[in-house]
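What Swiss-Prot records for 1-19 is signal peptide. The domain 'Thioredoxin' annotation in Swiss-Prot covers 20-158 and rests on sequence analysis. Annotation source Swiss-Prot lists disulfide bond at 49-52, citing sequence analysis.
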């Protein structure tokens, strides 16, 4: 029993130490103008952004953040239109992915088609990535100009403007805090990712 208690106490102390090391201005920044009504955890990215590709494909930041979040916490991902020649089209395509619930199916193929093979040069090329990933062409076409997709595009644009987004990748919590990767421990990739995820969880709990 004593051993179990010591183990639990060690876990509590470890958590306390971890939480104590997270501070405003270092791992996160409190926004001057909080934005009400934003998703609990909101990530902005672009398929044109090399660092976003690293976050998704190499570091798996989003996956690690999701694992740490309390049950029921909503995590949302928005695409930005200010990067690349097809930024607007990719933002609309991401809205299609959200509407059809196929984000996980198309994320990696789109990143690779835009950055690795550079086979995405037109709106038709984007559509082909979806179809190759198993999305029916008719479903994609029906969603493309739908009211739902137009609304999701508007949501993405409004959130980026309201939060005064300066660049990507970026993550916000409760419309009040922005994660600051520059303040993270970069001694190793694992340490960086865990501190990033711990910071998001800390801010979700903080409310």
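Here the Cβ of each residue, glycine as well, is placed from N, Cα and C on the backbone.
Given the structure is predicted, the values throughout are model-derived calculations rather than measurements.
Across the domain 'Thioredoxin' (20-158), the model assigns an average pLDDT of 97. Sequence-distant contacts of residue 52 (disulfide bond), defined as residues of its own chain at least six apart whose C-beta falls under 8 angstroms from its C-beta, comprise 45, 46, 111, 168, 169. Around residue 49 (disulfide bond), taking its Cβ as the centre, 22 other Cβ atoms fall within 10 Å, counting all chains.
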